[in-house]
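Trainee: I am attaching a structure below and will ask some questions about it afterwards.
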């Protein structure tokens, strides 16, 4: 049965949301006019609020409708069919929601609604700001809701609706010609790479960050529009902090997801999709710094305008990059092209032109102070810091936009064949590393000058202690790493040493700030804490990426070709099942294929699971025990929540200490995407050991078995199978066969064989079943030994038994493993940075809410006096 | 000269440096003929080549060589570029698992000793297009 109602409700809500956004932005526009008729303004404002609430309600209805479609498996809708499936757990249904473009737009719209409602209801004196700021909000909502509108006017497609029915999406599919009411039984499922808990929280965090950048932008535009050039900074500042921390945490969450799920061997790949968020984040952080400088000394107002506006336009630009299909060959994970590139470009251009034109128009009126800053002014260093951040952003932007240049040149008729740099990591690193060095130095100097009196002697006073500690600590680490092999790496690269020393300086300098603020007013130290976080992140990146070490080099000595013996890194190693291979300081062995079983805390060997026709269930062929606790008995039916994932058990044993641990890198062969391998990571205090399979024998390809070799045996006979000694212990009649119903008259006989493997003894139990007068063979496959044993016949007179044996190549995996020193410092740094930001938000928010009687300048002076 | 002017000049200089380096590091899309010329001129720059896999009448890929049992880090195949020039490509990594299904391939690397050594392989699989998927699924029902 096709349920068109829910889709109609959804689609209608989209239209209502769109219209309400138009009404609300018009009404708020009317409410922001400069007229003396206060009553009319209040009326307009009330009306606009009402319209925005209607918009909010409509958006929530859209979300409800779309989630209902996914949750109820309504596969008559394209969105559910293409992003979900019957077996998807509920928490991943949330990820389906934003796997598609439409859903992710919806998420963005939703956050704008939430922030809009918060803005309407908080702050005592936001009456003067509400109308112009919310006019901007509604105006943005108008564009965003149009992206999911899904209507066609004069052959122009406006938006793509998430509520499109299958039969409307593919009217040419033969199945709909036969039966228009056809509903698929199952969906095509969620991209397996997105079936990860980080993908449940990473996109909402990122989009909240996206949405939050609208707040400072809207305030800046309102400030320009209403001629309140300096006043907007105060209410916008806590929001800028909020946007920066959310976006920053969102980026790192994405990085952590990539680290844990993808297999390019790291957390950052300089993919355009990653860069697209990194660029606005850098500019936004720059904007925060100029805004802070303005709050203290009325300088940098124009820069604040430029940077806040640029941040928002860059957010739109990143949306355009990742969703228009313009990246084409350049990115592995951009969204598919929905034919909305024109609309996205209009959106981008409209805001860019509007904002830039308004800024130019009002430029002359923006007040500037002519006071020259000295090098002992904190503001001076803050501005330099903002400039470095913007240059770093510009560098990433210039390269990431290469596909855009191609399209643009192609558009005006010039053929361009420029491609992204072949070695992107090298290209970006050579700038970003130095940007990191400068940022580290500037956070130290900037903070020290910011909190001190502006003269030379007090600066030297402040810098002596952190500088000495830095040199002491740095030389200690450098000597320990080079002379005494304390770490897994030698810190001898001068460039890396520079970054190391400067980051250490940033940590110590900011620590000294915190210490001096500690017995005065700790709440002011948010900046210092955030800066320590950044410095720790730089250290973590330096060690984990700079000294990432592949330990799975080819040790077998076998090379296919010796054409390029020296230059090529052979980073992958082949592991035969149950054969130990030496790798770095470990003995490594691959032990077999495992599956996840519901209710069992560890993975279960495939060999003791008898697979049934239902992919998601299996029958236990032996007791399933973990640490002596019995979870399932032989013959029990067990549930397999993720049958598509195979976990390859790999044992690592340290050759010196004999410490052993087991990793389960996983892989699945996806019909659409090929081999999807995800690593398993062993965390040590000083490093991560990162392991993934690079290739496995294709599980869909039939195994090539040797020709059947027959043996006639009696009880107690010993034979040699595939070089293994095997003993035929006898046969027994069994009553129950898992998965095969037996009737009266059917006979099932099971042979019992013992095979001595290299490591352990295996038991083979091939079955012979006489059912309805036919013989059925249920051979035993021992993957470890590459053996298939079939019980062929019984000769009751001679008490002889006939078995057949096929052999095959043993199972193997190709593995890549690497060590990432101190990657933990990166994650810890992120947390520290977030804490610093939250402290700053709390402080700035209080400040934003204070009434005008406490002059900000006075507060600042008091602060400065306190710490000086 | 004011301090802000000096800083302005430094920033502009840095921006120009960034643009120059971006232009210098940017790779290009070429065909195998151009890649060979580059290598003959002694250039070691890495380029992008777009090509198709050579397939026989049955749709099997011709000239593919991968035997993990001998060397898991050696994968060789023949690629035909847009000018229909055929070239042996070597990739010192395991074979990408969905390689057989791909139609169009983008490789990054350069010519060395008459073979193209690829650092990166980007596959474009026809099955990634939505329409085809739908027909497969509906046909199965």
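The backbone N, Cα and C atoms fix where each Cβ goes, and this holds for glycine too.
TrEMBL entries are annotated by machine, without manual review.
Not my notes, these are from TrEMBL:
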DOMAIN    A:102-324  domain 'Cytochrome c assembly protein'
REGION    A:848-868  region 'Disordered'
TRANSMEM  A:52-71  transmembrane segment
TRANSMEM  A:133-154  transmembrane segment
TRANSMEM  A:206-225  transmembrane segment
TRANSMEM  A:237-258  transmembrane segment
TRANSMEM  A:278-294  transmembrane segment
TRANSMEM  A:301-320  transmembrane segment
TRANSMEM  A:340-360  transmembrane segment
TRANSMEM  A:380-398  transmembrane segment
TRANSMEM  A:463-482  transmembrane segment
TRANSMEM  A:494-517  transmembrane segment
TRANSMEM  A:529-547  transmembrane segment
TRANSMEM  A:822-842  transmembrane segment
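Mind mapping these onto the model and telling me what they sit next to?
Mentor: If you look at the transmembrane segment (A:52-71), the same-chain residues 6 or more away from its ends with a CB under 8 A from one of its CBs are 6-7, 9-10, 13-14, 16-17, 20-21, 23-24, 28, 77, 79-80, 83-84, 90, 93, 96-97, 103, 106, 109-110, 113, 116-117, 120, 134, 137-138, 141, 145, 148, 162-163.
For the transmembrane segment (A:237-258), the residues of the chain that approach it from at least six positions outside its boundaries are 196, 198-199, 201-202, 205-210, 212-213, 215-216, 219, 264, 266-269, 274, 277-278, 280-281, 284-285, 287-288, 291-292, 295, 308, 826-827, 830, 833-834, 837-838, 840-841, 844-845, 847-848, judged by C-beta separation under 8 angstroms.
Long-range contacts of the transmembrane segment (A:278-294) within the same chain, counting only residues at least 6 positions beyond its ends with a Cβ under 8 Å from a Cβ of the stretch, are 209, 213, 216, 230, 233, 236-237, 240-241, 243-244, 247-248, 251, 300-301, 303-304, 307-308, 310-312, 314-315, 318, 378-379, 382-383, 385-387, 389-390, 392-393, 396-397, 400, 527.
Distant neighbours of the transmembrane segment (A:301-320): 210, 213-214, 216-217, 219-221, 223-224, 229-230, 233, 236, 240, 276-277, 279-280, 283-284, 286-287, 290-291, 294, 326, 341, 344-345, 347-348, 351-352, 355-356, 359, 363, 366-368, 383, 386, 390, 393, 397; these residues of the same chain sit at least 6 beyond its ends, with a Cβ under 8 Å from one of its Cβ atoms.
Only residues 6 or more beyond the boundaries of the transmembrane segment (A:463-482), in the same chain, are considered here, and those with a CB under 8 A from a CB of the stretch are 444-445, 448, 489-492, 497, 500-501, 504-505, 508-509, 511-512.
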Trainee: Give residue numbers and ranges for long-range contacts of the transmembrane segment (A:380-398): same chain, 6 or more residues beyond its ends, CB-CB under 8 A.
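Mentor: Sequence-remote neighbours of the transmembrane segment (A:380-398) are 275, 278-280, 282-283, 285-287, 289-290, 292-293, 299-300, 303, 307, 314, 373-374, 428, 431-432, 435, 438-439, 442-443, 445-446, 449-450.
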Trainee: I'm a bit unsure how to read this: which one of A:340-360, A:494-517, A:822-842 has the highest number of Cβ pairs shorter than 8 Å with the transmembrane segment (A:529-547)?
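Mentor: Result: A:822-842.
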Trainee: What residues in the same chain, six or more past the boundaries of the transmembrane segment (A:822-842), come closer than 8 Å to it by Cβ-Cβ distance?
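Mentor: Same-chain contacts beyond the flanks: 238, 241-242, 244-245, 248-249, 252, 256, 259, 267, 523, 525-541, 543-544, 683, 685-688.
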Trainee: Return the average pLDDT for the domain 'Cytochrome c assembly protein' (A:102-324) as a whole number.
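Mentor: Looking only at the domain 'Cytochrome c assembly protein' (A:102-324), pLDDT averages out to 88.
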